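Below is one structure; the comments refer to it alone.
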Amino acid sequence: MNGIAHAWAALTGTPAVFAAFAGVAWGMLGGALPGISPSIAMALLLPFTYGLDPITAVVLLGAVYVGAEYGGSIPAILIRTPGTNSAAATVLDGYAMHLQGRGGEALGLSLISGVIGGLAGLLLLIVLTDPLARVALLFTPAAYFALGVLGISVIASLSSGSIVKGLIAGVVGLMIATVGTDPLSGVNRFTFGRAELLGGIEFILVMIGVFALTEIFTQSGLPDWDKSRARDTHIKLPSWAMLKRLRLALGLGIGIGTFEGVMPGAGGTIASFMSYNEARRWSKHPEEFGKGSPEGIAAPEAANNVVAGTALVPTLAFGIPGSNSTAILLGALMIHGLEPGPLLLSRNPDVVYGLFGGLLVANLAQLVIGILIMTPAIWLVNRPKPYLLAAIYVLVFSGIYTIDHSLFDLGIVLAAGVLGYLMRWFGFPFLPLVLGLVLGYMIEANYRRALVISNGSHSVFLQDPVSALLLGLAAIFILGSAFRGFRDARRRGAARRESAA
Amino acid sequence: MSRDFYVGLVILAGAALYWTAAGRIPISFLDGVVTASTMPRTLALVLGMLALALMGQSVAARLRNSPAAPAEDGERPTWRQHGRALGMLAIGIGFLAALPVLGYALSVGLLLAVAAFFNGRQRPLPLLAFGLLGAILFYALFVLVLRVPMPGGVWPELPG
């Protein structure tokens, strides 16, 4: 009951409703642009949240995440180019429907499935966050340290590619977090005499550099995406009979999206493809898949919108973001002086329930904005890519300058962009780096507090039961992933030798 | 040796440098059993070990005649793509150099026009219009609406 009161107070006492609508609109436009993922759309807005109250800021960013998931399906359906990774499965049947002159119907299916999935995800988020946050009382400094280590280990082991590279990215993130004045002893670390580095490197600079600038550098070398000729496409919402037909596909999307969302690192892309496959397996009309099946749109769109809600469960309950987008939301919470994790719900229930209320509005706002935004979204997708890249470049620089009015910060963002480009080139995942950076202070402060309490004895991390459990889980994740990598490499080697023979 | 081996070597060198720099962190009177350099030194050690693991993984894969990791492990952009990325970086650095001298509006106009030109829009009139309109729009948004004190450049000082 208190939660509802908090949510109501947030929606009526702050501009959260306006933020939800604005965020959905921005997210849809950003998601509609190929190459602009939900996380990039969120990162571009992050500097502008500094001046907002915490509730409005997190609602704005959460709404961007919600809107971008639908926005990604617009170019997927109209130009066979998914605007976001998680919309890739929608291409299969969405574009086929568009070729049959049913593009408006496909967009309507995507929108309604997204709204249903989003509401289901929100409900699960509310139900799951509260009980998980009750374990807060069990957490000591040693346990918090172990939680941070577990977070980086899980993300590193679930990232695509080598676990070693994932862990290296996480450690580099922790290293960047050590720059600046040590808050516990007051001595300067790695500042090289630069006053600008005394306060450390703000993670927002690295996030925007790694996500947005890396994409700008990469996109500059890629050909322009196709343009839509469907300027007069209008959304056609599905009938009640159609929704009844989609029950199973929607249910599968919601179920798989729930599971994938709460698993850090899995994300909407895997959920949407798994849902697509399962919907085809269980469909009464499997032969229609790939040729314009409504289930082929409903299942993946419901799944990736459920993930947008359930991915917030580990972020809010444990302070471990499972995706790039939730890492940015986590960053936004920390920018406003909030500490995500087990204590967030008890210390700042207004923000958490305000976010829930805002996400409810955002999901419902999709219905209105989704219909209104079609023409501007198609117009935007049809703009020449060179103009869009140039405008985003200016937006990044201007947004960053807004934060501290510092030219030095612009240099840091450019450096982070170069780092992100090199990481992408050499196959290092971004998320462990960002997570290391965001959790760096929490990990180090609790590591040192725990050692002070134990008089320097590292056995405290194994004597504390929660810490021992979490470190054990971290070890299982790392060893399990290393074993899987070893086994896969052996299989690939054997397959290569066989094909050579 | 594969690409990962050399990447591991560079990271190992980075870990050694970081270790050395961590050793120079002063000890504070407020420090207890754990000092400000404890965490950095631990991180340097862990990074060094991970770099060795990456190099070992690369050597083992070579011996097994198998790629170190699946195909998605790292993209393989062409040198032309690297050139484009480098060009965009140079434009960004140019913007940083120009901003305190030329001021926000002019620098933004130039950045818009140069970045669009570099990415393939080469007709001068549309480029000029894009730069001009973009500069007005961004100036209006950030300076007039959001009231951000963007750099004015040398222009305000010239009359004086």
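Placement of Cβ uses the backbone N, Cα and C atoms for every residue, glycine included.
When TrEMBL is compared with the stretches A:221-247, A:248-274, the one noted as transmembrane segment is A:248-274. Of the two recorded stretches, the transmembrane segment (A:106-128) does not lie close to the transmembrane segment (A:466-486), with fewer than three CB pairs under 8 Å once pairs fewer than 6 apart in sequence are set aside. Beyond the ends of the transmembrane segment (A:248-274), by six or more residues, the same chain brings 69, 84-90, 113, 116-117, 120-121, 124, 128, 151, 154-155, 157-159, 282-283, 294-295, 298-311, 313-314, 320-323, 431 to within a C-beta distance below 8 angstroms of the stretch. Long-range contacts of the transmembrane segment (A:197-217) within the same chain: residues 35-37, 39-40, 43-44, 46-47, 176-177, 179-181, 188, 190-191, 324, 327-328, 331, 334-335, 389, 392-393, 396, 399-400, 403, 409, 412-421, 423-424, 430, 433-434, 437-438, each at least 6 residues beyond the stretch ends and with a Cβ under 8 Å from a Cβ of the stretch.
Per-residue pLDDT, averaged across the domain 'DUF112' (A:18-435), gives 86. A contact links the transmembrane segment (A:135-156) to the transmembrane segment (A:466-486), because at least 3 Cβ pairs that are 6 or more residues apart lie under 8 A.
Remote same-chain partners of the transmembrane segment (A:410-443), defined as residues 6 or more beyond its termini with a Cβ less than 8 Å from a stretch Cβ, comprise 144-145, 148-149, 151-152, 155-156, 159-162, 165-178, 183, 201, 203, 205-214, 216-218, 265, 319-321, 323-324, 327, 330-331, 334, 339, 341, 396-397, 400-401. At the 8 Å Cβ cutoff, the transmembrane segment (A:466-486) and the transmembrane segment (A:162-185) share at least 3 close pairs (sequence separation 6 or more) and count as touching. The stretch with the most CB contacts under 8 Å to the transmembrane segment (A:387-403), chosen from A:6-29, A:41-66, A:162-185, A:351-381, is A:41-66.
Most Cβ pairs under 8 Å with the transmembrane segment (A:351-381) belong to A:6-29, among the candidate stretches A:6-29, A:41-66, A:162-185.
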